[in-house]
Amino acid sequence: MGQCRNWKWGLESFDFSINRRSSAPGQLESASQMRESWRHKAGRRMFSCPEESDPIQALRKLTELCHLWLRPDLHTKEQILDMLVMEQFMISMPQELQVLVKVNGVQSCKDLEDLLRNNRRPKKWSVVNFLGKEYLMQESDVEMAEIPASVRDDPRGVSSQRASSVNEMRPGEGQASQELQTLPRVPALSRRQEEDFLLPETTVMKSAPKALRPKPTLEKDLNVDREENTGLTSPEPQLPNGPSVVGAKEGKEPKKRASVENVDADTPSACVVEREASTHSGSRGDALNLRCPKRSKPDATSISQEGPQGGATPVGNSESPGKPEINSVYSPGPAGAVSHPNGQEAKELLPFACGVCNKRFTCNSKLAIHMRSHTGERPFQCNFCERCFTQLSDLRVHQRIHTGEKPYTCDICHKRFNRMFSLKCHKRSHTGEKPYKCKDCNQVFTYRKNLNEHKLIHSGEKPYKCPKCLRAFRRPETLKYHQKTHQETTAPRECEG
């Protein structure tokens, strides 16, 4: 019988999916059309085929009922598919989720998915005894916690049989507390009862008697829910002694409640923390800074900055070297638009400075890797050719030359590469992309290396010199070819040019 009641509830709660559809674009169905649509739907649900009946006639009858319900002459294939999927979804879901879907007026699977995704956070539900019947309702925690005494003392026909009527449940999980599981099934509401009772739910809850008031433990539940909603993972810091802390110990709500009560359910957690932090100052503000969600770090970029010469010294927090200050983390901006700060701001965001070239870094590990370029240290050695590298990642890429491993494949010509960067550059031969442009002559190149060599033509620089004849060249390949001329002759000869 429990499954039967749940089945009926699912049918009636999904009645809106047909009645709210328009028979013509821009027109709502009339009351007679709504009743007719529901009659055909109910007839299809209650259809049964006796054993002695003709199965062909039963098939035709069932086809006719489904046609009258789905109306393929008025609805599209997507609408019909949504109707079938949502009906089965409503039949198999718990009652509290059926109420949530019906109150929000969901009419398509896409809207239903958005509703379920946005309602995964903990909600408060209550069982209300009204006119001898019990109803499952969703309520506002803060509004229930602050109902005026003059309003609470007026029962106005609401029964006070349930002393603890507020029970936590998660609609996305479809689980209720033990008290809700022992209650009888919520009766199906007609359309008129739904409009008279479910819609003005705040009015009914404001007039609730003392039996429906939250107990003092509700304050603790509200705090737990708010911490879960904001998604804070860091532990709560120990607050210093102050008026707000003393008021909280005595059972009084601190003033921060005023800044959280008016926050909408869809407000991002970061905005809630920022709004809460803006109402405090002094030591309380410092404590709230520790609760802010972790911001994204800047890219692995270094900024050249004038600084004192010497060893690698972190700038910023002198008490805890190797860790930047929490308050110095900046708000993340749009991807690809990271601005490079200067001066004091650069020291706060990039606290670790190189004492040789004054480049700055976000963490000490990146600085240690950079210092190897000055000291010449190469701690990672290849087991095959004994070649050394400054980073372990470079060693792993190099070892693919010996092992023949090429994990990256071009999806166009199926050519394989041992580095992702090589594959990225190779794809430009298929797409014709030339992202590097010369500022002097507007000539474009496929690779940065070719652009750098081209710039030497405009500057006239020749950085590669022959150690024997001191002749200079722009490209290293040309220098190697030139050096072969010295090896071919036993006696060195004077180079021309």
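Just so you know, glycine gets a Cβ as well, placed from its N, Cα and C.
Residues or ranges marked as compositional bias 'Polar residues' in Swiss-Prot: 158-167.
The annotation compositional bias 'Basic and acidic residues' is assigned in Swiss-Prot to 216-229 (among others).
Summarising the annotation, Swiss-Prot assigns compositional bias 'Basic and acidic residues' to 249-259 (among others).
Per Swiss-Prot, the feature domain 'SCAN box' maps to 41-123. The average pLDDT computed for the domain 'SCAN box' (41-123) is 77.
Feature annotation from Swiss-Prot assigns region 'Disordered' to 148-342.
The zinc finger annotation in Swiss-Prot covers 352-374 (among others) and is backed by sequence analysis. Residue counts for the zinc finger (352-374) under DSSP, split into helix (H, G, I), strand (E, B) and coil, are 11 helix, 5 strand, 7 coil.
Distant neighbours of the zinc finger (380-402): 369, 372-373, 418-419; these residues of the same chain sit at least 6 beyond its ends, with a Cβ under 8 Å from one of its Cβ atoms. For 380-402 (among others), the entry in Swiss-Prot reads zinc finger, with the evidence type sequence analysis.
Under the heading zinc finger, Swiss-Prot lists 408-430 (among others), citing sequence analysis as support. Note on the zinc finger (408-430): residues 397, 400-401, 446-447 of its chain, located 6 or more positions outside it, place their CB under 8 angstroms from a CB of the stretch.
Beyond the ends of the zinc finger (436-458), by six or more residues, the same chain brings 425, 428-429, 474-475 to within a C-beta distance below 8 angstroms of the stretch. Under the heading zinc finger, Swiss-Prot lists 436-458 (among others), citing sequence analysis as support.
Look at the zinc finger (464-486): DSSP puts its residues at 11 helix, 4 strand, 8 coil. Summarising the annotation, Swiss-Prot assigns zinc finger to 464-486 (among others).
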